[in-house]
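Copied over from TrEMBL:
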type     : residues  : note
TRANSMEM : A:26-47   : transmembrane segment
DOMAIN   : A:66-263  : domain 'ABC transmembrane type-1'
TRANSMEM : A:67-89   : transmembrane segment
TRANSMEM : A:101-123 : transmembrane segment
TRANSMEM : A:143-161 : transmembrane segment
TRANSMEM : A:210-229 : transmembrane segment
TRANSMEM : A:244-262 : transmembrane segment
Amino acid sequence: MSAVAMDSAAAEKPPEARRGWPATRILGWTLMLFWGAVAGGIVVYLVEVWNPALFDRYFPAYMSGLWVTLQLVLISIVIGAILSVPIAYGRMSSNRWLGGFAYGYVYFFRGTPLLAQTFLIYYGLGSFRPQLEAVGLWSFFRDAWYCAIFAFSLNTAAYQAEILRGAIQSVSKGQWEASKALGLDRLKTLRLIVMPQAMLVALRPYGNEIILMIKGSAIVSIITVYDLMGETRRAFSRTFDFQTYIWAAIIYLLIVEVLRFVTERIEGRLTRHLVRR
Amino acid sequence: MDSALTLLSFGPDGWGDNIALGTLITVCLALATLPFGLVAGFFVALAKQSGEPSLRLAGNIYTTIFRGLPELLTLFLVYYGGQIALQALMRSLGQETTIEINAFLAGMIALGVMFSAYASEVFLSAFRAIPRGQYEGGYAVGLTGFQTMRLVVLPQIIRIALPGLSNLWLNLLKDTALVSVIGLSDILRQTGIAARVTNQQFLFFGIACLVYLVLAIISSFGINAIERSVAQRGAPK
């Protein structure tokens, strides 16, 4: 055994670092020069078109837009998380009607574009104005902001339900059986045994879902909610200055990268007992 | 209900033909983007799994940028940015013209780079699932690097990457809805016009959602057929 291990260790010398300029290295450096040129070009462009008046005027607008975006995502994610629990339950239940309903819900919201769903709710529900007025919900559905939250919550609930279902089903059946053998009831098993393991699996998908929501939230600017994208479009339509879009791109990239970094750190921290040293 | 059927009929009174045309444009856009996105994604994945650090970094920068930007913003960057850049180029050549980029082309480029950024991640994990022995075996029987890639590695990559790629295709189909914002007459724009003209918003946006659902269902049938045929061809005997 040890002789074999030693043999393979002797055979697998670390490959020698290639010297000189093989084709891949030339290509890699060319591409990096290209990215460097792009980055340098953007910096030069932003310095060249730097305009204190424009900055003073639109910086507060961008910040308020950013706040609107973050609020929208946060509220929708929380409402979606609450809604996702019964849907995930329905998806896992053996009741045919419940399962069918949950399947249909998830299929609809994952199979159609978020933009079309938002239009359906914001413009479409306007067709039922008399009925909505009768039940006193019209003031809710008249407002683009509430409609956006409503549409986004329903949408993310479908995705989160699938994440939750996948995570719970990734926990092996033996865990349920063992805790039944110990005399725990189903709710306790779920809370104490299954959920802690499922949440580890679900962490990365949840992080991705938040990132997708932040990116997807840009479309609310089309139904006149002034989020970061909405403020950007307003600034561009007033100034025809392309740097407005560049700033928005930088801000969005920063948020997404920070979120990705934080998710990875949390995951690394929570799964440190699984790393083999 | 009768009036709804009239509105959806084909011909001068109905909007059926407009919606059919929009569906055609949506499908064309998605189908036109797919090969470009697949090929670009494959090459970015090749770069990201190469032994050369600078090439890996270049590939990772590509993914970071185009996975991190909102879809709508990428579309605007391509559409308006492309127009401004082309106009500046023409001005430097001494020609004052107003250039309008075709919305279909802008949509294709924007959706293509986003698709390729995600596809490169799918391909990359497929590359990682292939053991080194496959490359070494190819080398041992005297294949060149390119032949090993084409005959040994690629067929396995496709089989492993197929589920991830089918998800991306469904996402692509949904993301095409965004080009309605820059004026391409896809499903959502056509139904939006119909909704405004007839004041039947719920009906027409509901139809739009249904058309997307039907496209998704047709796609999953197609994907299942492809998966079955690939599995049959590639199954170890």
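Quick reminder: no glycine exception, Cβ is built from N, Cα and C everywhere.
The transmembrane segment (A:210-229) and the transmembrane segment (A:67-89) are in contact, since at least 3 Cβ pairs between them lie under 8 Å (pairs 6 or more apart in sequence). Tertiary proximity for the transmembrane segment (A:143-161) is limited to same-chain residues at least six positions away from its ends with a CB under 8 Å from its CB atoms, namely 72-73, 75-77, 79-81, 83-85, 87-88, 91, 102, 105-106, 108-110, 114, 117-118, 120-122, 125, 206, 209, 212-213, 216-217, 220, 223-225. Sequence-remote contacts of a segment are chain residues at least 6 beyond its ends whose Cβ falls under 8 Å from one of its Cβ atoms, and for the transmembrane segment (A:101-123) they are 87-91, 93, 141, 144, 147-148, 150-152, 154-155, 157-159, 161-162, 216, 219-220, 222-223.
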